Structures are given as C-alpha cells and as structure tokens.
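Structure first, commentary second.
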C-alpha cells in the first residue's frame, strides 16, 4: 500500500495531450523585436506565389527591412513638417523628405506621391544676373557725385 501511495502522478506537460496550463503564445514579431507583422508578411509571401518555397527567416528579414524604410521616411517627413511649423505629416512633407534624400530619391525615383507637389527649383539661367564688384563700384561712384548743372 505504501508503495502505491508513494508513486506520484506523472507531471503534466505544457499543453498537448496531457492537458495542463498552456504557455502564452508569443508572436514572431515580438520574438524578432519588430513592430511590423511577421506572420502577415509570411502569409502575403505564400499567397503571392513569388516562389515555390521560402525560408523561415525570409518574412522576418522582409519585415525588418520594411520597418527600417518606414522609420527612415517618417523621420525625414517629421523633420520636414517641423521645418514648416506643422505638427502633422502630410503628403507634401513625405514628398519633400523623399526627394531631398539622395538614396530614397533614387529608390523611389519613378513613384508619384498624390498631393505631394514638386521640389521647388528655378533654373539658374532664369535667375537675375549678379552684378560684379567693378560694376557695383561704378554705380556707387556715380551715385555719390552731384549731377552737373547745365
């Protein structure tokens, strides 16, 4: 009798057939330390039929790249909004941020941003010619002399 009482029940696993408490699920985004949804990007990769197979790290890497690009564009657009004394980013600020940055401008060269406008640019040929130092001295000399009386 004592031997049967001394034996204990088998320990329960973490979920599964033996029941017991389940572990709280942790998303792939949290594991990777990202804000962008890794699971959703994996689903889009599968649904899009871009390849027959892809590795388990591919959606994580893609989510990290997209998150980095979004953070970069938003930081530059926020700076553009602050320069214009605005608290809200609008399409104009996005356009200015992308076109003024060399690398982002090259990446998004063929992209049209709705309501973004264009970069302010005046061709140097159309600008008024700057007066040289000699012509400005001649103007000063003629301005200081009194006109001759006729």
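Every residue gets a Cβ built from N, Cα and C, even glycine.
In Swiss-Prot, the feature region 'Disordered' is placed on 130-150, out of the ranges 109-129, 130-150. Annotated range for region 'Disordered' in Swiss-Prot, selecting from 1-28, 29-56: 1-28. Across the residues of the motif 'SPKK motif' (146-149), the predicted structure has a mean pLDDT of 64.
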